[in-house]
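*Asks:* Okay, here's the structure, questions in a sec.
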């Protein structure tokens, strides 16, 4: 996974520049107002700081839609150019108005980075470490602030500090970021697939994953193009075809699905389990039943929770579905003609599944329909003639690595696998009707010995000494399904060429699909609550608290002036955040996003309550200073572990590919408007109700946030993005029925 990690680190340098700029302007404004004599003009002074917020808000309004149109990478390149230009203009700045223009340009760069870096990392990262990599922007931003504060502190010790140099230095790291975005960062593979550029997408995936066989994930990305549609939850028992038969001849069951294995002559059978899946909304487990007793609990939260309860280790890189089975879901037809499955290609065959293999870019893993065909009591040999000549089993799709762990070409991450089935039945007129169904399969239960019966289900008999798996499935129509092509005998998961779907582009109507609307409620809600949870107020109050604790007096005794002391205190505060963010990075894919939020928000509430009490009750100077300092430190550490990075991580995960840019822009707009409101109402509130009142409001908001997270925010660790959006669609449908 080294390729994905390096790409995420390079992309997060944009957030380092954001943190760098935020810290630099906080220090430089002390000297700017002296040169331009702004002591009597607080409005202009406030605008110098706020202009970047205004610029970020303006560009966010259309950045999402434009990134869906032209790609993520070009927008990141533009952000690096904007950073570089703003640094040069700030270095020049002959008057305050040019400085305001430079700050506006800088805000444009910040807006693009804050909106698109989380999306870019989510779309390139493996699902097993997506949370860790998407915490990098928070770490980089805080690291940039610390480095900048150190630079500004050093310059503040000079006899005549040059604020233009402080601000202009931004251009140097911006050049590095520009070079990385142009020469190192690839385009998002999900965006490439959405435009039908399959060859490029495959090459990017191979680079990011460090392996040749990426057919499973590439197929998943194609399936991610869909928005809406009917999704159902089913349950299967999967085992060898020759062992999952009972005396009544289950192999002849018309409802079973044949899954083809990696070796010729080996096949597996998936038999549907009648009744409700244990992934369904009424769980067979006690803890899930307790959740169901809460009428306000969102069905989406319950669905996601049931997955993680069934396979607790799912988020780790050790987890692989069906580790003994290899790639069960693919049939290789070596007779298929090869062609470039790309938007530039004008040749498409109606009766074959166009592959990604062209001259000089051959890959057996993409020659074939990655398809599970549902039979009607036919043996495997009866299926081959329907595909043409010579159906042969794929031999190279399952690789044994790391001491025998099976790496399946159709594994899509997080313990999920992707398959398709073709069902045939007689219609009312007696003619055969058929249709594709796409299946996301997930093992239920904790992996253990596969000998004997691991599960006990009524009506299902499993022979002794057999190998089998109980699996839950999300079953839906393939993303590119087309009824018009049914009569042409098209074969494969993508029944319409992706470039045809790409030409349609995002539809604003997609935002009103139940699953997307539900995800927007979660994304916008958590962004609003994050901004009103008090981080800006605590940052504003920190210098005052540390001054009361005697830190400034101590620094003055060693010859550090008030301005330099203020900058140094801010640097130390930022330094405290870095270890906590490191802990969050480690836990993000182990404990999960929801767990971290539910664990840290109560600590935020307690810290704010202590600050309220400390400002209302006269405890003496020393006690007050100790309590306030400890509360602020604990608040910072817990905020950057949970409420700091997780809203952006979640918003980058829960939307379908086709509308992800637009939806993330809506959430980012909420973020910036909330930031502006909190920043400008804080002084007013301080005058009206004082510090205790302000912190009291923040404590109430954090309490509301805790309830909101518990009821509405699902656990998304370790799950492929496309599966996450399917769960939102199912949960929204269930919520509508309730």
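Cβ atoms here come from the backbone N, Cα and C positions, even for glycine.
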*Asks:* For the record in TrEMBL, which of the ranges 2-25, 98-121 is the transmembrane segment one?
*Replies:* 98-121
*Asks:* Looking at 515-535, 662-682, which one is transmembrane segment according to TrEMBL?
*Replies:* 662-682
*Asks:* Kindly say whether the transmembrane segment (43-62) and the transmembrane segment (163-185) touch, using the definition of 3 or more Cβ pairs under 8 Å where each pair is 6 or more positions apart.
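*Replies:* No, the transmembrane segment (43-62) does not contact the transmembrane segment (163-185).
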*Asks:* Any contact between the transmembrane segment (133-157) and the transmembrane segment (554-583)? By contact I mean 3+ C-beta pairs closer than 8 Å, pairs at least 6 apart along the chain.
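*Replies:* Yes, since the transmembrane segment (133-157) and the transmembrane segment (554-583) share at least 3 Cβ pairs closer than 8 Å, they count as touching.
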*Asks:* Is it true that the transmembrane segment (623-650) and the transmembrane segment (554-583) have 3 or more CB pairs under 8 Å, sequence gap of 6 or more?
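*Replies:* These two segments touch.
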*Asks:* Relative to the transmembrane segment (74-92), which of 98-121, 595-617, 662-682 accounts for the most Cβ pairs at distances under 8 Å?
*Replies:* 98-121
*Asks:* Under 8 Å for C-beta pairs, could you tell me which stretch among 98-121, 163-185, 554-583, 662-682, 688-711 has the largest tally with the transmembrane segment (595-617)?
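*Replies:* Per the Cβ count, the answer is 688-711.
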*Asks:* Report, as numbers and ranges, which residues of the same chain sit near the transmembrane segment (98-121): CB under 8 Å and 6 or more residues beyond its ends.
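*Replies:* For the transmembrane segment (98-121), the nonlocal Cβ contacts are 7-8, 11-12, 14-15, 17-18, 21, 25, 32, 47-48, 51-60, 63-64, 67, 72-73, 75-76, 78-83, 85-87, 89-90, 92, 130, 133-134, 136-137, 167, 170, 185, 188, 648-649, 651-652, 660-661, 664-665, 668, 671-672.
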